[in-house]
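Chemist: Got a structure here, written out as structure tokens. Questions coming.
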Amino acid sequence: MSNSWWEITVLCEPSLEETVFWRLEDFGCSGTATAKKQSSLEVKAYIPEIKAQLLDLEALSLWLKQDALILGFPEPVSHWQLMDEEDWASSWKQHWQISEIGDRFLICPAWLNPPENNQRLVIKIDPGSAFGTGTHPTTQLCLESLEMRLSSHPEPKIIADIGCGSGILAIGAILLGAKKVYAVDTDPLAVNATRSNRHLNRINPENLAINQGSVEELLELIPDGVDGIVCNILAETIIALMPEINRLAKPTTWGILSGILVTQAQAVTDILEPQGWTVAALWKRQEWCCLQIRRALD
């Protein structure tokens, strides 16, 4: 049936979540969602039947096992089933509910309403196939870091969000009072998701500029640099991008870096300090960490 979807379920170690997300996205999946299953994590993702044959799914299962082996984790267990479009549209959404993050944020799926008498800043999100629902520890750490940074320094800021995903961090920064956020992502699906969520949260495009690309695009848009940088992507990509990110920075610029496993923190720190950055704080959650950095003062 042309309107059928494969529902792919992966049971894995929690530490593999971001790797599994990446692999499923690279495979072409949409609507990824996670749920805790005792000490494991269940990841569900969906792809149209016409885009994947059984041999493709078998190959995906093998790639997931190879990814886990390389990282030193137990092999994930994968299975799949066909479902019609109506079931797909509702199935993955069942796993995602309203959640509080930090002291000020409430993450609300687009199809739900926030509770009455809510006093928190509401971020409404429909992620589509983009990463960033607020359930991942790295997203939570970044939002909490933004909350601390922008609450303690309330003057208007210009911020760059590198690898914006669903736009959740950019939107959070605007709600906390950032003057303007420039969001970029190399994935066109992420760019579209961020634009949709900008509209969903009724944010003026003048306050949240969204472009496909990476740091080079930001350097053209913001030649005078930014006050803050948020970057929730893989550690290897952060390391590769730092020479360009340095060009975005002013002497007073701060940064929030995540997507980094605790075991990778030292490698990231080692390349930051020679390039003029100081790690002011390191927050951990599960196997993940977030580095709060600032320019080193001579």
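Every residue, even glycine, has its Cβ placed from backbone N, Cα and C.
Reproduced below are the annotations present in Swiss-Prot:
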type: BINDING; residues: Thr139, Gly163, Asp185, Asn232; note: S-adenosyl-L-methionine binding site
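For the listed features, I'd like the structural context: burial, neighbours, distances.
Modeler: In this structure, Asp185 (S-adenosyl-L-methionine binding site) is part of a beta strand by DSSP. All protein chains considered, the CB of Asp185 (S-adenosyl-L-methionine binding site) has 26 other CB atoms within 10 Å.
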Chemist: Could you tell me which three-state DSSP class Thr139 (S-adenosyl-L-methionine binding site) falls into?
Modeler: helix
Chemist: Tell me which of the binding-site residues Thr139, Asn232 sits in the most Cβ-dense spot, judged by other Cβ atoms within 10 Å.
Modeler: Asn232
